[in-house]
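Annotated features, as they stand in Swiss-Prot:
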type	residues	note
BINDING	Gln36, Leu37, Arg38, Leu39, Lys40, Asn68, Thr107, Lys137	4-amino-2-methyl-5-(diphosphooxymethyl)pyrimidine binding site
BINDING	Asp69, Asp88	Mg(2+) binding site
Amino acid sequence: MTDCRLYLITPPAFDPQAFAPTLAAALDAGDVACVQLRLKDAPDEAILRAVEVLRPLVQARDVAFILNDRPDLAARSGCDGVHVGQEDTPYREARRLVGADAIVGVTCHDSRHLAMVAGEEGADYVAFGAFFPTGTKEPKTTADPEILTWWQEMMEVPCVAIGGITVETAPLLVQAGADFLAVCGGVWNHPAGPAAAVADFNRVMRG
């Protein structure tokens, strides 16, 4: 199995210009596979403004820039892909909008069936969770780490673990077989700061 990698999710609300240096410092502190811009229920103008500010600094570091929920905006704003939930744009429509070469990831909660369907349809990754309590959003489901192990044994499509992940809880998910750890509060609210959090997560994921 390849090393687990960090998948950063932006805070629920922020000023793009003020947040940019913090994000840059976090990306420079260790390996990060991708950054997901998640501004739930924000107007299109706010989302596009955040993309305009953050996408260049993310992509300049060879890190993928993913937009949450909005394949239409992702396609027109130069994002590397989109992440869709079960109540968002269906996978096939998202793929049509962003194109064959873009990344499309799908939330599958704790459902093996949803994950199998997403994988068979062509999703670039599936996301399971929430594994731990989270203050970022109200989780619809609680997932058992065993689902990561099962997925690794069954499928080649990468899996992302999400939900309340901290430096302290990460080892369990790494050992269970997560390819990526999707982290929000565990980085941005880390006592020593986001850059220290990224460095700590990298140490944990390298064993």
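One-based numbering along the chain as shown.
For all residues, glycine too, the Cβ spot is worked out from N, Cα and C.
The model shown is predicted, which means the values in this text are computed figures rather than measured ones.
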Check the DSSP secondary structure of Lys40 (4-amino-2-methyl-5-(diphosphooxymethyl)pyrimidine binding site), expressed as helix, strand or coil. coil
Residues near Leu39 (4-amino-2-methyl-5-(diphosphooxymethyl)pyrimidine binding site) in space but at least six apart in sequence (CB under 8 A): Thr10, Pro12, Ala13, Ala46, Ile47, Ala50, Asn68
Rounded to the nearest angstrom, how far is the Cα of Lys40 (4-amino-2-methyl-5-(diphosphooxymethyl)pyrimidine binding site) from the Cα of Asp88 (Mg(2+) binding site)? 11
Could you state the whole-number distance in Å separating the C-alpha atoms of Gln36 (4-amino-2-methyl-5-(diphosphooxymethyl)pyrimidine binding site) and Asp69 (Mg(2+) binding site)? 10
Going along the chain, which residues six or more apart from Arg38 (4-amino-2-methyl-5-(diphosphooxymethyl)pyrimidine binding site) have their CB under 8 A from its CB? Ile9, Thr10, Pro12, Asn68, Asp69, Cys184
Hey, which of the binding-site residues Asp69, Asp88 is the loneliest by Cβ count within 10 Å? Asp88
Measure from the Cβ of Thr107 (4-amino-2-methyl-5-(diphosphooxymethyl)pyrimidine binding site) and count the other Cβ atoms within 10 Å, all protein chains considered. 25
Using a 10 Å cut-off on CB atoms, tell me which of the binding-site residues Gln36, Asn68 is the least crowded. Asn68
Under DSSP, is Asn68 (4-amino-2-methyl-5-(diphosphooxymethyl)pyrimidine binding site) part of a helix or a strand, or is it coil? strand
